[in-house]
Amino acid sequence: MDKFRMIFQFFQSNQESFMNGICGIMALASTQMYSAFDFNCPCLPHYNLAYGLGILLVPPFILFLLGFVLNNNISMLAEEWRRPQGQRGKDPAVLRYMFCSMAQRAMIAPAVWVSVTLLDGKCITCAFCTSVPVETLGNASHPRLSQREIQRVLARIPCREIYDGQEIIANEVAVRYLRCISQALGWCFVLLMTMLAFLVRSLRPCFSQAAFLKSRYWSHYIDIERKLFDETCAEHARSFAKVCIQQFFESMSADLVATRCHLPRKAPADAGEAAEKLLGITDWGTMNMALKSWHRCKPPLNLHPAALPTGNGWAGEGQPPTHPSAPRRETAAYYSCV
């Protein structure tokens, strides 16, 4: 039980770990879905190919979209891409990093589905059963059947209970031939995905490690900033509602006292604390204006507008600044326009 608790704590540590856990769960769910799926090939010449390739490709596309839907960063990416320029510029490298990160995680479950499907071989057997080389594996010179009738017989290869073409080609031979091809494609696909992941992980730090670190840092910053803004808005809404309700009951109490219904009054202990958390925003219009200002003109990311060191030296007289004896309180000012 402690191990599961540690795993859950790791998944909840940050957004990236949480999404890795979600993608792992989706990958396991894809294998369970395929094992529970009842595969029924239609065994008809004009439908086998569509059914087999549909089972091979349509569920991975759905899982890919589902991976984007379950990723919380998709709304953050859309918001960052569509927001006005304001006082803070938009870095295309950060947007590309966020999109590539989501795409890589969303591709895990589809890759697992395709790998399991190819290694199982049922879809390839159903889709390409009419393409079995009868000249090599069977008897192509059957005197009583035309080419169209041979195709109809070969389409029944996945359906062993209704297959009636043993004199043309044995069912076990055709199924084994197609399954071997499918498994070879499956292992090639697994090897290709592994090599691509290896190359991305190993070669990326050799070319653009500094740009990658900057994009990753500001991607995490946008995520943390959004969470803190949501928490601050929720705390402000709670304080606003608390003060509003307290004022309502105080006014009702005053009306009852005016009608000579003497009721005991006790001042709430946290009324002053709730009023302080409002930060001067005490009406509907001001709050809406603050929210519009945050969307249109986010504050610039410059917490220290004073003189900064340039190059390997200090800006100014060439000497490093002396440290003050008393601790100095730093403040960050944010300016926004509507």
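Each Cβ is built from the backbone N, Cα and C atoms, and glycine gets one as well.
Features of the protein shown, as given by TrEMBL:
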- 21-37: transmembrane segment (TRANSMEM)
- 49-70: transmembrane segment (TRANSMEM)
- 184-203: transmembrane segment (TRANSMEM)
- 311-330: region 'Disordered' (REGION)
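Under 8 Å from some Cβ of the transmembrane segment (21-37) lie the Cβ atoms of residues 11, 55, 59, 63, 66-67, 70-71, 105-106, 108-110, 112-113, 116-117, 120, all in the same chain and six or more residues away from its ends. Outside the transmembrane segment (49-70) by six or more residues, the chain places 22-23, 26, 30, 33, 37, 39, 41-42, 102, 105-111, 113-114, 117-118, 122-128, 130 with a CB less than 8 A from a CB of the stretch.
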